[in-house]
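Below is one structure, written out as structure tokens, with a few remarks after it.
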Amino acid sequence: MSIASNSTVIILGSTGSIGTQGLDVISRHPERFTVTGLAAGGAHIELLAQQAAQFHVSEAAVFDETKVPALQAALAQAGAQGVRVTGGPDSVIAMAGSGANVVLNGITGSIGLEPSIAALKAGSQLALANKESVVAGGHLLFSAQVRENQINPVDSEHSAIWQSLRSGTHAEVAKLVVTASGGPFRGWKRADMENITPEQALHHPTWNMGPVVTINSSTLMNKGLEVIEASRLFNVPPERIDVTVHPQSIVHSMVEFVDGATICQASPPDMRLPIALGLSAPDRMTNVAAACDWTQAATWTFEPLDDEAFPAVQLARHCLAASEKHTAVLNAANEQAVHAFLEHRLPYLGIVDTVKAVLDQMDAELRGNPLFTDVEEMNQLELEARRRADDLINKQ
């Protein structure tokens with residue numbers, strides 16, 4: 001679907017990394033976009049108010065409804081007028097489903113699924129950075145589409161694959177190759193990781209991301225989730241998806257075709273590029289991000305993934321092959337473990353170990369009906385996975 005020349009846009013997770021960079025892209029193209037609504041968790045109320053004032057939005061929502069009075073006060077302080085303030089998860093879902101031309105979903109976590117579904121059902125084009133929507137509730141998400149090609153992937157890897165797939169038909173695809181920077185601990189062995197601190201893990205060598213995604217990138221769980229997402233978004237089985245470590249983060253992913261040709265998308269690491277394409281596809285915008293400088297000597301390297309040191313990708317592959325419910329448990333247990341690590345309640349190696357232990361506990365009960373019947377069933381399973389993760393964490 002071609003986006004209208006002056007598109008209405010709603011941004012979910014506007015104060016996070018994806019949201020702030022999305023607004024930066026939009027600010028450079030005021031003739032193309034009108035931001036009508038912003039939603040955020042509630043941790044950065046002043047920033048949300050400033051964004052609402054700058055973009056003259058009609059509605060601002062916070063997941064944490066106890067922050068509504070603070071947001072109202074901050075909006076007044078920022079000089080924002082006529083902004084309707086709403087609070088609670090239902091208000092964010094309602095905003096997502098209000099019928100904007102484009103909804104950019106930059107929410108972190110599976111709480112982003114219901115807003116994604118609402119946006120699709122309302123006919124909006126969904127610029128999706130919330131990979132958990134696909135990982136935890138894939139078929140619930142896809143069945144909400146009211147037309148083909150309603151989802152524009154915003155993750156840099158999936159945007160790269162999406163662009164590269166234009167070079168051939170689906171039948172001509174031999175494999176997808178997802179690239180990984182390797183994170184801050186590339187080259188480390190498992191024994192070296194026992195005493196890693198949150199401060200160390202939050203220092204990513206190439207990307208500027210939120211804390212949960214940054215930790216996931218360091219454990220390579222993020223790459224595992226991306227393999228799941230790529231398989232489901234592009235209908236390619238997991239055995240035809242490879243992962244390669246590319247420390248320079250210039251090649252964002254590749255598609256190998258049956259004739260031996262490999263097509264990639266390459267650019268300096270800057271999330272504004274996939275965000276911009278997610279907002280405007282199939283058209284491209286000017287003045288988005290820097291291109292590669294081909295006048296300068298450069299070396300791009302690729303190396304195999306060390307599955308022994310970073311078992312998260314193999315664990316994700318196992319869950320992808322098992323069922324949608326396995327991938328939902330993987331995601332929920334991981335979110336719980338990452339938060340515990342950030343709060344210094346769980347050692348670094350305990351993150352993936354906890355996730356595997358929860359999956360081992362729940363494996364038998366997950367092997368009935370592999371698909372969720374509705375979001376409530378998914379939510380209940382995730383709650384159980386989080387509870388079991390907490391039990392294991394508290395025993396550390």
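Heads up, the Cβ atoms here are built off N, Cα and C, so glycines get one too.
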One of K67, K121, K131 listed by Swiss-Prot as binding 1-deoxy-D-xylulose 5-phosphate at the site of S156, E157, S181, H204, S217, N222, K223, E226:
K131
The NADPH site in Swiss-Prot includes T15, G16, S17, I18, G41, N130, E132. Which of G187, G210, G224, G260 is also listed there?
G210
Out of S17, G41, N130, point to the one nearest H204 (1-deoxy-D-xylulose 5-phosphate binding site) in space (Cα versus Cα); all of them are binding-site residues in the record.
S17
Mind telling me which of the binding-site residues K131, H204 has the densest Cβ neighbourhood, counting other Cβ atoms within 10 Å?
K131
For S17 (NADPH binding site), identify the closest of the binding-site residues K131, D155, E157, N222, E226, judging by Cα separation.
D155
T15 (NADPH binding site): which of the binding-site residues K131, E157, N222 is the nearest Cα neighbour?
K131
